[in-house]
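To start, the structure under review is shown below, and the notes come after it.
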Amino acid sequence: MNIIFVCTGNTCRSPLAESLAKARIENHSFESRGISAFEGAPISVHSAQLLQQHHLPPAGHARLFTEQDAQADLILTMSESHKYFIQRHFQAANVYTLAEYASHSARSIADPYGGSLADYEQTFTEIRNHIDNLAEKLNDF
């Protein structure tokens, strides 16, 4: 299954989700994108620091969500607004928020952009919990 994680700039939340998923879930392909990404931008310093600290695979550079990405088997967004944007602009059928799909929660994952390392750690922990739930769900496939 090809799964794409989506946030705003593809520098904070979605790269964390991608790296966590790659480290914890086998037999599936994971990528990340942003709906307003500056193509080629590096991930945030705090995100990179957390990936290194937790011995997770490094994330690539920011990539913009495209029409081709809308064909993924599953698109998991960090917020309702990302989900609605993709549904409205790309008519993607298999799009959910990460929290909704993995944890049956309506809560969006807060954007730590511009925040402290502690803000990023809180976001990281929330994403990790959802990825753990996602791993259990995908193992049922």
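Glycine residues also receive a Cβ, built from the backbone N, Cα and C atoms like all the rest.
Marked as domain 'Phosphotyrosine protein phosphatase I' by TrEMBL: 1-137.
With a 10 A radius on its CB, CYS7 (active site, nucleophile) counts 28 other CB atoms from all the protein chains. If you look up TrEMBL, you'll see CYS7 (among others) marked as active site, nucleophile.
According to DSSP, ARG13 (active site, nucleophile) is assigned to a helical segment. The active site, nucleophile annotation in TrEMBL covers ARG13 (among others).
A sphere of 10 angstroms centred on the C-beta of ASP111 (active site, proton donor) encloses 16 other C-beta atoms. Positions annotated as active site, proton donor by TrEMBL: ASP111.
The C-beta environment of ARG13 (active site, nucleophile), restricted to residues of the same chain at least 6 apart in sequence and closer than 8 Å, consists of PHE5, CYS7, MET78, ILE109, ASP111, PRO112, THR123, ILE127.
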